[in-house]
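According to Swiss-Prot, the feature domain 'HhH' maps to 138-165. The active site, nucleophile annotation in Swiss-Prot covers K158 and is backed by sequence analysis. According to Swiss-Prot, the site 'Important for catalytic activity' annotation covers D177. The [4Fe-4S] cluster binding site annotation in Swiss-Prot covers C226, C233, C236, C242 and rests on sequence analysis. Marked as compositional bias 'Basic residues' by Swiss-Prot: 278-287. The compositional bias 'Basic and acidic residues' feature in Swiss-Prot is assigned to 288-298.
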Amino acid sequence: MHSFSMKRVVASSSVAAVATCDVEGTVVAWRRDVELIRKMRKDMIAPVDTMGCHKLADPLAAPPVHRFQVLVALMLSSQTRDEVNAAAMKRLKDHGLSIGKILEFKVPDLETILCPVGFYKRKAVYLQKTAKILKDDFSGDIPDSLDGLCALPGVGPKMANLVMQIAWGECVGIAVDTHVHRISNRLGWIKTSTPEKTQKALEILLPKSEWQPINHLLVGFGQMQCQPVRPKCGTCLCRFTCPSSTAKNVKSETEETSTSIEVKQEVEDEFEDEKPAKKIKKTRKTRTKIEVKTESET
């Protein structure tokens, strides 16, 4: 009986050790990749940087109007390129984009303004329904909670999280769109099948300080470098460690040099105490230096 108990403890410890190693490796991976992506993004001007939804509302409008415009921009953004969305928002603002103005439009006229936004006919209806709800139930403003925003027609979790961040200045979750979902899985940070599952997984993996910037960072990276089709793996700084890279051994025409990136992390160790069935957790800080091949300027 005693030996059997000992075997169980040893087996349990082994499983815990493997799990700890897996988590530690994933933490090192995403921290390394984020630093490399930030380095690449410094030289990129992506559509999201100049035409993202955070750029489309009138900064001089009254706060409730500004918040409504942020909401509208995000409602139009799904299945729509930033350039098309920005143009549609300009047309709406030229007509005076407010709750009252949206309610004055006839649906066919609103459709004409929104076209060629993706699903513009459906979104025209959503906009009018949302405007009526905001007028009747929110005194002409937008909800200030995630649940309240998600209850509006045509508003999902990604939009709601971005509205909270942009309009209310509050980050309550990670906004996961197709770029964030694709890239975080390509890099091997997580293994998920839907954006909703990706959000939950990333919110466990990433510290809250990264929840807001990760969307903008990965969206721009996905637009310019890690595209859905034919990603530019040959010039990506993550290509040597990315499990999805098609160019792990590809050298650029310029000379390669080495760059060391120090990744700081806290790792929680779990071990068995001498007393049976008593576990102790300790936190230790580690530093990992990762050498990544990058390209020097000629």
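Glycine too: its Cβ is placed from the backbone N, Cα and C atoms.
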Excluding C226, C233, C236, C242 themselves, which residues in that chain have a Cβ inside 8 Å of the centre of the Cβ atoms defining the [4Fe-4S] cluster site?
R186, Q225, P231, K232, C238, R239, S244, S245, A247
As a quick check of your reading of DSSP, tell me how many residues in the domain 'HhH' (138-165) are helical, how many are strand and how many are coil.
14 helix, 0 strand, 14 coil
What Cα-Cα separation, expressed in whole Å, is found between C236 ([4Fe-4S] cluster binding site) and D177 (site 'Important for catalytic activity')?
21
Determine, using Cα-Cα distances only, which of these recorded positions is closest to K158 (active site, nucleophile): D177, C226, C233, C242.
D177
Rounded Cα distance, in Å, between D177 (site 'Important for catalytic activity') and C226 ([4Fe-4S] cluster binding site) is 14
